[in-house]
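Engineer: Dumping the structure here so I can ask a few things about it.
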Amino acid sequence: MFSKSIRKDHYGYLFIAPFFLIFFIFGLYPIIYSLYLSFTDWDGFGQPVLVGLQNYQRIIGDFFFYKSLFNTLVIWGVSVIPQLTISLILAVILHEKFVKGKSLFRAVFFFPNIVTAASLGLLVGLIFSWQTGSFNQFLMSLGIISDPINWADKPNFMRGLVSSILFWQYFGYSMIIYIAGLQGISKDILEAAEIDGASKVKVFFNITLPLLSPIILFQVVTSIIGGMQIFDQPYTLTDGSGNPDNATLTSVMYLYDTAFTRYQYGYGSAIAFGLFIVIVIFSIISFTTMNLKTKQGKA
Amino acid sequence: MLQTSVENVRDKAVKRKKMKLSHIFIHLFLILLAIICIVPFYIMIIYGTHTNADIASEFIFLPGQALLENYQSMTENMNIWRGFLNSLIIAGCSTALTLYFGALNAYGFAKYKFRGNKILFWFVLATMMVPQQLGLVGTFRIMYILNLLDTYAALILPAAANAFAVFFVKQFIDGTIPDEIIESARVDGASEFKTFNKIILPMLAPALAALGIFAFIGSWNNFIGPLVLLFTNDKYPLPLLVQLLQGYYGTNYGVQYLGVALSVLPIIIVFAIFSKRIIGSVAIGAVKG
């Protein structure tokens, strides 16, 4: 029997081959080709012309690259901090025994996460539109304002609006993951602490939080990777413009715009790799600082 | 003695009252947050049933009677059902590929101890951390080379290499499929692929069902993919088609609300049916990762 199963083991390659074939064609090749293109000048017609590091030099002096990166970081930061904290509080609350209707709350909070992001951007754009938006009319019907406000004209407000959409879409998702983490913490530890007379707040900070730290790290890193790629919501919210004053132009919007509406495929690829380097740096920073913190906590 | 116990009881009663009050506040907070979550969807549905004149004049919170009117003016310029069909074809085929090849790959990794198994599996996991936009321009290029630009296939074929699916199904196989089943199939003389297709695949049904919902929703919601790879309006999936509403009906808000509502409706239906399963799988996928 044993020798028989050893003889079959090479079949494994056949089982994994289709996946790897597709991955090399549609996953790996595009990345390598983009890397190559980032050293070229190519307008989509004819052959790409090698230009060395020219595109990367251009990035270093490109105001819009920094601006879009800044926008992305602000939009991401403003959404992710409340996302990861409020969802943790909610997870702890919904993990308590006394709360009624837990599964309903979980479902309602999670729901926006699976709704088409592009459609949500469009919807929020409609709600906050100037003359006919329901938000203005709501404020007017309450007498808070007398004339409709042109929100689309206010850079910080629009950035905040994109952050709000992201928060709205992701706090429920984070909460579900925290809850799963909480369910993994042994009840004995928590009960022992409560018998010793520790308050709920103390238990949270001294037991729950340290035990959840791997999950918090997971959430931070995945939110960096996801957050740096924000595209759908600001794109549909501003009809692809990134206005007002390019305040909602995210890095991926700038990449899309450069490559696919101005046909500078070489420079667009360089932007993609520039963004990737930023993502890697941020991931490493968050990884090391979180690891240091947990090590200090243990020592 | 008696006195202290009475005090104790009183103490506890006070504590319980305090707790109750905090409980009420917590429930109020949860309800408020739930309302905030739902209000935009409520507005979307209500406003889709109003004429532009209604919408322009005041804040509305009750349904109107212009649903049919809005629908008719939408279908004058836009074949929304064609969009439905496109989305359904793309998401349906993508899901099928993701499930079958994800399961095939996961089974290969889980049950065959070939050389390089571990390293290759880590490689698959690592690809999950690579941002997709990195290869956006290159994807456009390979689709051009393969003559797949402006076809459904450009959006469907890459779905066969879904790393998360491999990871998810492998977890399930490791936990539920014993080696003995495969051994006995071999003794019976079944070929390796027949064993997989006839015996293993049906056993994976619970995992594939959960995964299938995610794959379908993910493909349905995909926006930047079709934006880059499709050029013909007739091939646009719903999210892209709805985006065009702004251009066609810049000032007709009722129609735009209705379009957004229609693009989201299938997701609402899927969630209403499968919410427990969806939420359960989110947790499994994330925590084990």
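Count begins at 1; order follows the chain as displayed.
From the backbone N, Cα and C atoms, a Cβ is placed for every residue, glycine too.
Checked TrEMBL, it gives:
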type: TRANSMEM; residues: B:21-47; note: transmembrane segment
type: TRANSMEM; residues: B:84-107; note: transmembrane segment
type: DOMAIN; residues: B:84-274; note: domain 'ABC transmembrane type-1'
type: TRANSMEM; residues: B:119-146; note: transmembrane segment
type: TRANSMEM; residues: B:152-169; note: transmembrane segment
type: TRANSMEM; residues: B:199-220; note: transmembrane segment
type: TRANSMEM; residues: B:254-274; note: transmembrane segment
Engineer: By Cβ distance under 8 Å, which residues at least 6 away from the ends of the transmembrane segment (B:119-146) in the same chain are close to it?
Structural biologist: 105, 109, 154, 158, 163-164, 166-167, 170, 224, 228-229
Engineer: Among B:21-47, B:199-220, B:254-274, point out the range having the most Cβ pairs under 8 angstroms from the transmembrane segment (B:152-169).
Structural biologist: B:199-220
Engineer: Contact between the transmembrane segment (B:254-274) and the transmembrane segment (B:21-47) is defined here as three or more C-beta pairs under 8 Å separated by at least 6 residues; is that satisfied?
Structural biologist: yes
